[in-house]
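Novice: Positions annotated as ATP binding site by Swiss-Prot: Gly17, Pro18, Thr19, Ala20, Ser21, Gly22, Lys23, Ser24. Summarising the annotation, Swiss-Prot assigns substrate binding site to Thr19, Ala20, Ser21, Gly22, Lys23, Ser24. The annotation site 'Interaction with substrate tRNA' is assigned in Swiss-Prot to Thr108 on the grounds of sequence analysis.
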Amino acid sequence: MSISESPKKHPVLLIAGPTASGKSQLAIAMGIKTNGIIINADASQLYTDLQILTARPSDADEKILPHRLFGIQDGSEPASAVFWAELAKKEIKNAHESGRLPILVGGTGLYIRTLLEGIAPIPDIAPELREEVRSMSVEEAYSALQQEDPMAADRLRPTDKTRIMRALEVMRSTGHPLHYWQQKKTGGIANEIKLQSFVIIPPANILRSRCDKRFDQMLEQGAEKEVIRLMGRQLPADLPIMRAIGVREIASYIRGEIDRLTMIEKAKAATRQYAKRQRTWFRHQTDESWIKIFDDINFKKIDDFAIKLLSI
């Protein structure tokens with residue numbers, strides 16, 4: 001994820017960070033300075049159904065600069081990192097062909113990693129084996145993983161059910177540990193572009209305050225009506241759109257299961273917890289080539305960033 005010196009490679013700007021960190025504002029400011037096109041790299045913002053609750057760009061924002069891959073996927077159709085990465089590659093290519101700078105903006109680390117590093121060519125898991133593994137308790141699965149793939153077990157928390165099950169089913173299905181396949185990733189674009197990455201990591205107390213303020217603003221903008229419309233579609237509860245932050249809490253309030261104050265408290269807590277996980281991920285998963293922004297962004301810094309970017 002470092003800047004390449006090859007003159008044949010086109011530049012790509014990546015602005016990452018947790019929810020409510022100020023990514024969109026920085027992206028627009030940088031895009032104005034660099035003739036950019038903003039490309040969504042946030043899983044929730046792909047979906048058409050939730051503009052307010054996922055903090056998609058406003059109509060005013062989209063009039064300032066072109067925005068791509070926002071609100072393009074119906075909520076009934078779950079998206080994946082691979083699906084998004086293929087679309088992002090096309091949008092990056094289109095931006096370069098039109099003489100503009102592609103600016104990736106988002107907080108979904110898996111999406112970003114898949115685009116840059118590619119995917120591991122893991123063979124399909126037989127449904128019977130998958131069902132067998134996923135019927136185990138997390139304790140049973142972790143114990144089995146410690147025996148069959150101790151390296152994976154050492155990397156995972158004993159309560160991380162999803163990743164434990166995945167590592168165990170891959171080991172049992174292919175006879176190779178997960179890290180074997182991860183070393184064979186293909187399709188990433190990191191070596192084909194000149195990448196400059198920024199990650200915004202506000203202080204924890206400021207991020208918590210921003211999360212709370214943002215949810216209040218979402219309610220003022222009509223988040224409840226948005227969830228009522230979504231509930232009217234009667235989509236399966238396990239779809240990503242139904243698990244978006246705030247949907248479950250607002251839906252519980254609408255059904256009369258909790259009062260309004262409890263709904264607000266629960267939704268804010270869920271937002272803060274999500275932002276905390278993202279903040280931790282970006283602090284530990286990014287290397288020294290990323291420019292880390294820990295404080296408020298001012299116009300002088302934006303000018304400096306733009307000059308640096310245009311010089312690579």
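Numbers run from 1 along the shown chain.
Cβ atoms are placed via backbone N, Cα and C, with glycine included.
For the listed features, I'd like the structural context: burial, neighbours, distances.
Specialist: The number of other CB atoms found within 10 A of the CB of Pro18 (ATP binding site), across every protein chain shown, is 27.
Other C-beta atoms found within 10 angstroms of the C-beta of Lys23 (ATP binding site) number 24, with every protein chain shown included. Following the DSSP three-state reduction, the secondary structure of Lys23 (ATP binding site) is helix.
In the structure as shown, the Cβ atom of Thr108 (site 'Interaction with substrate tRNA') sits within 10 Å of 20 other Cβ atoms.
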Novice: Using the Cβ centroid of Gly17, Pro18, Thr19, Ala20, Ser21, Gly22, Lys23, Ser24 as the reference point for the ATP site, which residues of the same chain not in that list have Cβ within 8 Å?
Specialist: Gly107, Ile200, Pro202, Arg210, Ala275
Novice: Near Thr108 (site 'Interaction with substrate tRNA'), which of the binding-site residues Pro18, Ser21, Gly22 can be found within 10 Å, Cα to Cα?
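Specialist: Neighbours among binding-site residues, in sequence order: Pro18.
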Novice: Can you list, in sequence order, the residues of the same chain other than Thr19, Ala20, Ser21, Gly22, Lys23, Ser24 whose CB lies within 8 Å of the CB centroid of the substrate site?
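Specialist: The surrounding set, listed in chain order, is Gly17, Pro18, Gln25, Ala55, Gly107, Ile200, Arg210.
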